[in-house]
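As given in Swiss-Prot:
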- K141: N6-(pyridoxal phosphate)lysine (MOD_RES)
- I325, D326, I327, G328, G329, G330, L331, G332, I333, D334, Y335: substrate binding site (BINDING)
Amino acid sequence: MPALALVDTPVDAFSGDCSGVFIPPSPNSSSASLDWSPSLSSSLYRIDGWGAPYFAANSSGNISVRPHGSNTMPHQEIDLTKVVKKATDPKSSGGLALQFPLIVRFPDVLKNRLESLQSAFEFAIQTQGYESRYQGVYPVKCNQDRFIIEDIVEFGSSFRFGLEAGSKPEILLAMSCLCKGSPEAFLVCNGFKDAEYVSLALLGRKLQLNTVIVLEQEEELDLVIALSKKVNVRPVIGLRAKLRTKHSGHFGSTSGEKGKFGLTTVQIIRVVRKLRDVGMLDCLQLLHFHIGSQIPSTALLSDGVSEAAQLYCELVRLGARMEVIDIGGGLGIDYDGSKSGESDLSVAYSLEEYAAAVVASVRFVCDQKSVKHPVICSESGRAIVSHHSVLIFEAVSAGKRHETTPSDLQFLLEGYSEEARGDYENLYDAVMRGDRESCLLYVDQLKQRCVEEFKEGSLSIEQLAGVDGLCEWVTKEIGGSDPVLTYNVNLSVFHSIPDFWGIDQLFPIVPIHRLDQRPVARGILSDLTCDSDGKINKFIGGESSLPLHELDNNGYYLGMFLGGAYEEALGGVHNLFGGPSVVRVLQKDGPHGFAVTRAMMGQSSADVLRAMQHEPELMFQTLKHRAEELSLVHKPGGDKGNDKLVASCLARSFNNMPYLSVGTSTNALTAAINNLVYYSDEAAVGNGGGCGKNGKWSYSVD
């Protein structure tokens, strides 16, 4: 039966007298939760695909974090909603009074990822009879947060896990952190180099750090030779090779013969000859390559590793004292839960399969050439840090479904042209026939004609609204549209999810609560910036909208998952929206199941202004002085009470985060002015008195 035949439309539904127009009832949201469950939400949002083994929908309809992966016991699961409540509730209620957006870090997840990677390689080495070891490094560019890097060095110390740096600040950071790590841990020095960079790397060896200078450009060798002789340090040198193996995805653009980094075979031969000529060929000990991030399959991985292993064996034959093959990055994660490897969003292998493919490829080539098995190193940043960090943000408002009412149609047909009336009659006839296709055709025709007449000035806005209301109702009744609502979120896409804007990278985005309720709308997410690109309208699974719930007075919170790598490092300050608040959460046995060990309010407006070379202190004094001058004009002698109120308001605005303060985060104003750093008994207790976070200056409102 045609869709329109199901609608009880009276004969006068489209007449000039709109008192009898049929208006469909609003959907009953109370029935949305019937026959729904967290398991259905888990399937809808693919949580079991991309989230395993760290995230799941619990029986309460909230996202649970499993901090120890598949080894997590039921009582160790952490309800993410409880963490958010602890972070954002006012201090008077036992909370930390932090403001959204909020990054929640789980060091336990980070530890599990690191140990899982190590275990995967150790298992492959043991089962395949490989006669060396795996010794990885974390590329700090993925996320340079101090506590993340310190955790990685601590967690990986027992198996010599090291760091990779690609710039002078990163090398300083890595050297400092590795002073507390294993003395055998690698400090792999990649990237473009000048004399200062090379000098820092050589200084690292003087400090008994295991630094390796990897040649990315042939001319870097002259610097290394000259400076090492000058400071009397015998360097350990690696070289990066440009392989022929290349993967076709976005992340493969840095690989292949035309890649940005690395040496060709001709350049490699020249490097070997020069090192031999100066008596330093024994310093060449590491071969590095990088196929590209998010390697989709083990077949491609094996091709690249096999090619590199052949180069490694050739360097051994040429007399280099080779010891390490560094396979670079590329260990991918499954952003969409499909495990297909058919796009940059997924990979078709597990950690264990990845490690097995690497070990098998190196072993096969080295055995063929009778070369001693090298130490295998990888730079697996994305796979290590992506899961441990969750970005939480709130939906502050949402567009409403427009329900057409008789008042919307009161000007329908008044003063319309004969052509518009003709279009209307055609639409009316199609509605009465239940002809869906003709209805859509005449709706479009009527709207276009009336828009043109409005532009010409022959229709008023009320008359145009009458046509719009009619057409919306008809389209809805025949099932011609499923309106997608816009949910406005307290977030900057450019700061917190820059890869979505820059390279169309998708991340799982899911409500962190109400998963026991059926979503009743589909929506896109619009951020706070004044930019048309500041929206999220593509989601995993090829969807252009996200199933969402109606907003209520209790807050609606969404989580972006698997964004622990790169997003924080790449974020910009478009519209001067700065960094989010951050909490660090450890699993603890007890009634709540977790402990917040560190909490930091996000960047204030003053912080962001200062980063752009403004002087917030001077700005504050200028505005305060202007207010005092105007006060004298309007009231002889001034109004000190009002002056103090204005100054206090300005001070709060400078010290507060740029994001909206709504719901539970309204206490952020107080927190932004007072004590901004929260420590548990695990960390050093500190409250710098009048000097907030990072030595924040205070404003005088006297």
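For all residues, glycine too, the Cβ spot is worked out from N, Cα and C.
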Count of other CB atoms lying within 10 Å of the CB belonging to I333 (substrate binding site): 19
Cα distance (Å, whole number) from K141 (N6-(pyridoxal phosphate)lysine) to G329 (substrate binding site): 12
Rounded distance in angstrom between the Cα atoms of L331 (substrate binding site) and the residue listed as 'N6-(pyridoxal phosphate)lysine': 15
Separation of alpha carbons, K141 (N6-(pyridoxal phosphate)lysine) and I325 (substrate binding site) (Å): 21
Under 8 Å by Cβ from Y335 (substrate binding site), counting only residues of that chain that are 6 or more apart: W50, L345, S346, Q505, L506, F507, P508, I540, L562
Other CB atoms within 10 A, centred on K141 (N6-(pyridoxal phosphate)lysine): 20
Distance from K141 (N6-(pyridoxal phosphate)lysine) back to I327 (substrate binding site), taken between C-alpha atoms, in Å: 17
K141 (N6-(pyridoxal phosphate)lysine) and I333 (substrate binding site), distance between Cα atoms, whole Å: 17
All-chain count of other Cβ atoms within 10 Å of I327 (substrate binding site): 27
Number of other Cβ atoms within 10 Å of the Cβ of G329 (substrate binding site) across all protein chains: 23
Which of I325, L331, the listed binding-site residues, has fewest other Cβ atoms within 10 Å: L331
